[in-house]
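Participant: Feature list, courtesy of TrEMBL:
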type: BINDING; residues: 245, 257, 258, 259, 260, 261, 300, 400, 401, 402; note: FAD binding site
type: DOMAIN; residues: 22-151; note: domain 'Photolyase/cryptochrome alpha/beta'
type: SITE; residues: 334; note: site 'Electron transfer via tryptophanyl radical'
type: SITE; residues: 387; note: site 'Electron transfer via tryptophanyl radical'
type: SITE; residues: 410; note: site 'Electron transfer via tryptophanyl radical'
């Protein structure tokens, strides 16, 4: 495929030293700034610098960046290269299928003796960084890594026994009571002496194709990537809307938050700089007796700490982006309905606040954090679609798509965290609408078909009198859909699914304790579901039929393969789910190993050509009787982490828990059990921990990557 836009950095003429000198390779990743960059500062102190960015999308597997995220990355790299050139160096960009070998080639070609980079905490990066450290250390290269993304490293925040926290509140309290403050941000270097890169020129990196150019051009009108622009955005927020943040943060319509999360994800501004500037404001307002300002500071710092906690969870539980931290929820019978999934993506669910949010997401790559909570809660609790589908869609469409933060947000909403939302709780989008969009301006902006509807009915048009509907030019079921499912029906269906989950979990554990079986519902009995590889997101208004009844659906357990949604989309002509009988072992996801890993993007789009079965989704009402379920592979809910040092030490590594299944103690919560205990009497609950409430929840909203 021909791509219409490219990016190339690096100019061999900007060199000042010969090969063989004390040269350091500074490997840029999600730290695209020259200010408060410990790896760059170490390289400048050591001598000549070769600044490198390696683009290896094949290594990202299912988490290849989406269109808007790639646009931001491209613009940020341009900005970084310009800044480096003004200091005397340039950014070398390389396209690669294996980052480790590319870095080895760069080190060999430039005669570098050091490799400096900053830590990342997602499982793919941890494995990759460990491998790179081993490869280059074995060749006599000095490899050092630094903290540039967090206030405190994950291994620094522990309880009195040196163990990691599994809930947010004690983690937050420990961060507040640390004996030392986060390090002060570093100033940018005054100048950089560039190493000789004449033997290793840059590659042209392409981040968009012709079909994406028009949409990407619109993004530039609203956003300004780059570390200097991030610094400006912070200053505007701190000196402007920040003081009223505690009051205005709930408003979905308007710039009421900091909008810093894309800048933080790509490392264009350091969290340490944000923290210290906020603390300065806190001292000023405390001296002035400004209580509203102090409340704004506390709430904003908590949102910063949620971002910290997402990295903390990812480091200590490397599979948190794929599996629930509460073990029994792997038995939940998720609904696999592509019709539901498509309606949610298109903003055609019949619930105005949900639909407005999904259309804004597709048009702009951004959502207010309250709206993120509304649409994700609707996805999981009302539609009962697997949370990993929603997380993957957010990954593909958000400007600030962030694996660790998105995993924390979706696990929290799904009730799969020890201090997450109660799983049986459903928030009515109608009431959420009047809470976060009381005047209906947000809905009117993104749903023009409802623009003439009075505020009284804007969040529940199906209840409006016929005369009001006609005057507003609305035809429910035609130019705006009826609700895809009634909330009362969704609550009943959720309760039945939870009962089924507990029965299966109890029977499986009883079988394990009796030693009679490995467990119920072995995944080998039922193939994993393959979905079409590409899906069209259509905003054209198709004819809607009455959808207040439940559609025919298929239920499976948690770890279903996520539909692969890429930057280009094709219309789905039929609502079919292909069941591949031959790919069970291939598609089962194992723990991330500590050895070398080949990250290969899997193709889940094509059905098996040798006898693949097709499960057709009809439009008949759902029968809420017993459903067929299967047991996904077990995994260890615990992991251990280690690190040999702080800044400048070895690459942080984690290792899976060595405990076997008979000794396993899962993370549990009893909030639901105390209210609905009768279905679970056959279970031995002696290991059940006390109920944990989401005291860190602020107004029913937590999406840690939407900072502020």
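Every residue gets a Cβ built from N, Cα and C, even glycine.
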Participant: Which Cβ among the binding-site residues (245, 300) has the fewest C-beta neighbours inside 10 Å?
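Facilitator: Lowest Cβ count within 10 Å among the binding-site residues (245, 300) is 245.
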Participant: With DSSP as the reference, give the number of residues of the domain 'Photolyase/cryptochrome alpha/beta' (22-151) in helix, strand and coil.
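Facilitator: Residue counts for the domain 'Photolyase/cryptochrome alpha/beta' (22-151) by secondary structure: 65 helix, 29 strand, 36 coil.
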Participant: Whole number in angstrom, please: the longest C-alpha to C-alpha distance across 245, 257, 258, 259, 260, 261, 300, 400, 401, 402 for FAD.
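Facilitator: Value for the max Cα separation, rounded to a whole number: 23 Å.
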Participant: What's the CA to CA span in angstrom from residue 245 (FAD binding site) over to residue 334 (site 'Electron transfer via tryptophanyl radical')?
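Facilitator: Checking the Cα atoms of residue 245 (FAD binding site) and residue 334 (site 'Electron transfer via tryptophanyl radical') gives a distance of 37 Å.
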Participant: Non-local Cβ contacts of residue 410 (site 'Electron transfer via tryptophanyl radical') (under 8 Å, 6 or more apart, same chain)?
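Facilitator: The answer is 376, 380, 387, 388, 390, 391, 394.
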Participant: Give me the count of other Cβ atoms within 10 A of the Cβ belonging to residue 260 (FAD binding site).
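Facilitator: There are 24 of them.
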Participant: Hey, what's the Cβ neighbour count for residue 401 (FAD binding site) at 10 Å?
Facilitator: 25
Participant: What is the separation, in Å, between the Cα atoms of residue 300 (FAD binding site) and residue 334 (site 'Electron transfer via tryptophanyl radical')?
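Facilitator: If we compare the Cα positions of residue 300 (FAD binding site) and residue 334 (site 'Electron transfer via tryptophanyl radical'), the gap is 34 Å.
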Participant: Rounded to the nearest angstrom, how far is the Cα of residue 260 (FAD binding site) from the Cα of residue 334 (site 'Electron transfer via tryptophanyl radical')?
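Facilitator: For residue 334 (site 'Electron transfer via tryptophanyl radical') versus residue 260 (FAD binding site), the Cα atoms are 34 Å apart.
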Participant: Starting from the Cβ of residue 258 (FAD binding site), draw a 10 Å sphere and report how many other Cβ atoms land inside it.
Facilitator: 25
Participant: What count of other C-beta atoms do you get within 10 angstroms of the C-beta of residue 334 (site 'Electron transfer via tryptophanyl radical'), across all chains shown?
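Facilitator: That number is 26.
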